[in-house]
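Pulled from Swiss-Prot:
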BINDING   G583, S584, S585, G586, S587, G588, K589, S590  ATP binding site
DOMAIN    227-516  domain 'ABC transmembrane type-1'
DOMAIN    550-784  domain 'ABC transporter'
TOPO_DOM  1-24  topological domain 'Lumenal'
TOPO_DOM  46-75  topological domain 'Cytoplasmic'
TOPO_DOM  97-101  topological domain 'Lumenal'
TOPO_DOM  123-129  topological domain 'Cytoplasmic'
TOPO_DOM  151-167  topological domain 'Lumenal'
TOPO_DOM  189-226  topological domain 'Cytoplasmic'
TOPO_DOM  248-264  topological domain 'Lumenal'
TOPO_DOM  286-341  topological domain 'Cytoplasmic'
TOPO_DOM  365-371  topological domain 'Lumenal'
TOPO_DOM  391-461  topological domain 'Cytoplasmic'
TOPO_DOM  483-489  topological domain 'Lumenal'
TOPO_DOM  511-801  topological domain 'Cytoplasmic'
TRANSMEM  25-45  transmembrane segment
TRANSMEM  76-96  transmembrane segment
TRANSMEM  102-122  transmembrane segment
TRANSMEM  130-150  transmembrane segment
TRANSMEM  168-188  transmembrane segment
TRANSMEM  227-247  transmembrane segment
TRANSMEM  265-285  transmembrane segment
TRANSMEM  342-364  transmembrane segment
TRANSMEM  372-390  transmembrane segment
TRANSMEM  462-482  transmembrane segment
TRANSMEM  490-510  transmembrane segment
Amino acid sequence: MGFSPFLDECRAEGLWPIGPSCNKIISFGVYTFFIVVNFIVLCIPNSNSANNNYRRMTDDDASSTSKLTISKILSICTIFAVICQSIFYFCFTFYFHPYTHLLLAFCVSKLFFWILSLCSFSKWRNQPSTPISLAFAFSAALLIHCIPLTDWKKYFEPTSKNRGDLTFYIIELALVTVVFFFTIVTGLFNFSGCSSRESAWNNLSKKVVTVAPYIWPTKSISLQLRVVFCLFLLIIGRLINVSLPILSKWIVDELATPDTFQYSLLFLATFLKFLQGNGAMGGFLNTVRTYLWIPIQQYTTRELEVELFKHLHSLSLRWHLSRKTGQVLRVMDRGTSSVNNILNYILFNVVPTIADIVIAVIFFFSAFNAYFGLIVFGTMALYLTVTISITEWRTQYIREANEKDNATSAIATDSLINYETVKYYGNEEFEVNRFKNAIESYQVTEWKTQASLAFLNCLQNAIIGIGMIGGSVFVVYMIVHEKTLTVGDYVLFTTYLLQLYTPLNFFGTIYRVIQKAFVDMENMFDLMNDEVEVKDLPHALPYTDPRGTISVKNLTFEYNTGLPVIKNISFEIGNGQTVALVGSSGSGKSTLIRLLFRLFESTEGSIEFDGIDVRNYTMHSLRQQIGIVPQDTVLFNDTIMYNIRFGRPDASDEEVIEAAKAAMIHEKITSLPEGYATMVGERGLKLSGGEKQRVAIARTILKKPQFIFLDEATSALDTPTERAIQKCLEKLCKSRTGVVVAHRLSTVVNADLILVLDKGIILERGNHKELLAQQGTYASMWEAQIAEQRAKSIELGEELP
């Protein structure tokens, strides 16, 4: 008694040759082994069994992996479906088949295997990768499900009582393949040291939700109709793909009886081929679809680029100071094009290809028999698994190549922008070598991507070749020996498979392009997800009818935590008054100007305009009331007219000219060959420093703001021009509130209030006479500048003003 009947049944069946019963013995052994392994692993606490990759993860990665991804949810659902299928199979088997101990052991072990697998998977769902025990368990499960294929003729005999077994087998094979794909392919490569971020498919649902508004043209009904019609053309294309091989079979079979040959079949096949073209290219349907899709693609690009550009302008000055412009533009360019690539390839290549595969499997199962369906299904499953697995592994090289490409672009951009500096120090060779080293570093990573691509192509061709040979041999066998198929069926099979494999040959390339696009899009999302530091509050109101008062109360600001640049500053400015900020470099003068303009948010304290905190005003309305001339004036690479009019884009030419006259640059402009149409060059490099600042002053005058902020606005001017512009600025600020940052104290002697800053605090305050009387820091600075100016005047033989 005991195990004797079971052992007797196993001895009777034997392990060779492999057959349905032998499969049960092997499966029972494999299932039992992994039941023990999974049970032991299931009893191990999480803290002791977490792999090194998981321990090395950052907090951000850990929080991201704690969420259930789509692949994990699908894996759990599929494993649960396998459990349900096993229960149904258990009931079916003991209802239609005679009871044996071996059959009972097989069914029970399989059921417990999948139940423990589900428990193990649920326990380790927060890991970035599949636990090794589950990886081997699911791999073994997939292998033992392939054992019956070695004796397919006996096992799948259509007339035998195994018809029900065949149905359950096909369902379970499909489910196990899905489980293997989602648990092994999407997680196994993390064991090689890749973080969970390495997969471009991570956070796929979040990416889709973010991009969806730019894909569906919500603003245009006509574009929506174009999308619907393009989808309709895709459906027509799938029907044609099924019809053409069938027509080929009919034509070949009709040729066996030439007297009754129907030429209409030939004409119909030719017409359908004209509509279909060469796979995904060249056909009439694809030409029409491409024509219809162009405006949709342009809509997506336009909406996404505009939104991203708008977002970049909404980010704080702190963000822009910490980024390289060339790198940002490169990410923006690749990211926007990647969205169109993803949309085109998924909608017009991936979805149709998968649909064709599903239709082909169903067609061969129904029109031929299960053998043909399994050949197509097995080849497709193996091809897709290998393609996706190796491509996922290649993602790390693609991402690394992108980073090095960004770095190369940033080096080139910075070097060309600073062309003049490079020439000053004779560092052309140094810059060329730096650029060369960046390219060489990029090409090392590029070689890895190309070499791994060649390896993948080799495997893909091998899989497709094996599938074609196996299918063709089987068709010939059915024609020659079984006499159940005709020559037309051979033509149908080969035509259909060649038609199916043609787009599949490009599937690997398409998948790689899509994955690279996801990586590019991921970098773009990093930009789009950067938090806007300075933004309008929900209840912010427009700043209208300004009275011109500013109140700074206990203001503190720090760029880096714990290192304040401005420390507890307080002062008030009345309407029409001018406050001057003086002090040594790095004392916080320019930072205070930026805080008043709300380029940064204060760390502590408040800034009030007309008694209301600036955070209660909308930024646009507040900044419209402020005119600022920065210390380092940067102009657009456009005309002088454009740069001055930038202060108020709706200003007329006459108003622009009046502003230029007020800034004392009109005569200089008119002396140029092209006058106001003169191009100023990149960053305004064609103009001198003084000319650039006068252009900046002109556009500030044109803006007609209530508040004037001057950040050493006359520092680059010669003495006569400085005196003339100073009078102009004094006149401009007479009825307006002004804040002036000055290095030359002679330019602020008439200020209503002078604040002497040092290391972010106010050392002294008062007007010019009061500060001189204090005999403090300001008086020392004044005496030093007077002595310096007197020495220069004596040297040049000029009279001291």
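Here, residue 1 is simply the first one shown, and the rest follow in order.
Cβ atoms here come from the backbone N, Cα and C positions, even for glycine.
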Field: Ranked first among 102-122, 227-247, 342-364, 372-390, 490-510 for CB pairs under 8 angstroms with the transmembrane segment (462-482)
entry: 372-390
Field: Local Cβ density at S587 (ATP binding site) - other Cβ atoms counted within 10 Å
entry: 21
Field: the transmembrane segment (490-510) and the transmembrane segment (102-122) contact flag, 3+ Cβ pairs under 8 angstroms
entry: no
Task: With a 10 Å radius around each C-beta, find which of these binding-site residues (S584, S585, S590) has the fewest other C-beta atoms nearby.
output: S585
Field: Same-chain residue ranges lying at least 6 outside the topological domain 'Lumenal' (248-264) that approach it to Cβ under 8 Å
entry: 486-489, 491-492, 495
Task: Could you tell me what the rest of the chain brings near the topological domain 'Lumenal' (483-489), counting residues at least six beyond its ends with Cβ under 8 Å?
output: 248-253, 256, 368, 475
Task: Determine how many residues of the topological domain 'Lumenal' (483-489) DSSP places in helix, in strand and in coil.
output: 3 helix, 0 strand, 4 coil
- prompt: Using an 8 Å cut-off from the Cβ centroid of G583, S584, S585, G586, S587, G588, K589, S590, can you name the remaining same-chain residues around the ATP site, in sequence order?
  reply: L757, D758
Message: To see if you understand the setup: which same-chain residues, six or more apart in sequence, place their Cβ under 8 Å from that of G586 (ATP binding site)?
response: K759
Task: With an 8 Å cut-off on Cβ-Cβ distance and a minimum sequence separation of at least 6, pull the same-chain contacts of G583 (ATP binding site), or say none.
output: K589, V756, L757, D758, L763
Task: Count the Cβ atoms, other than its own, that fall within 10 Å of the Cβ of G588 (ATP binding site), considering every protein chain shown.
output: 22
Query: For G583 (ATP binding site), what is the secondary structure by DSSP, using just helix, strand and coil?
result: strand
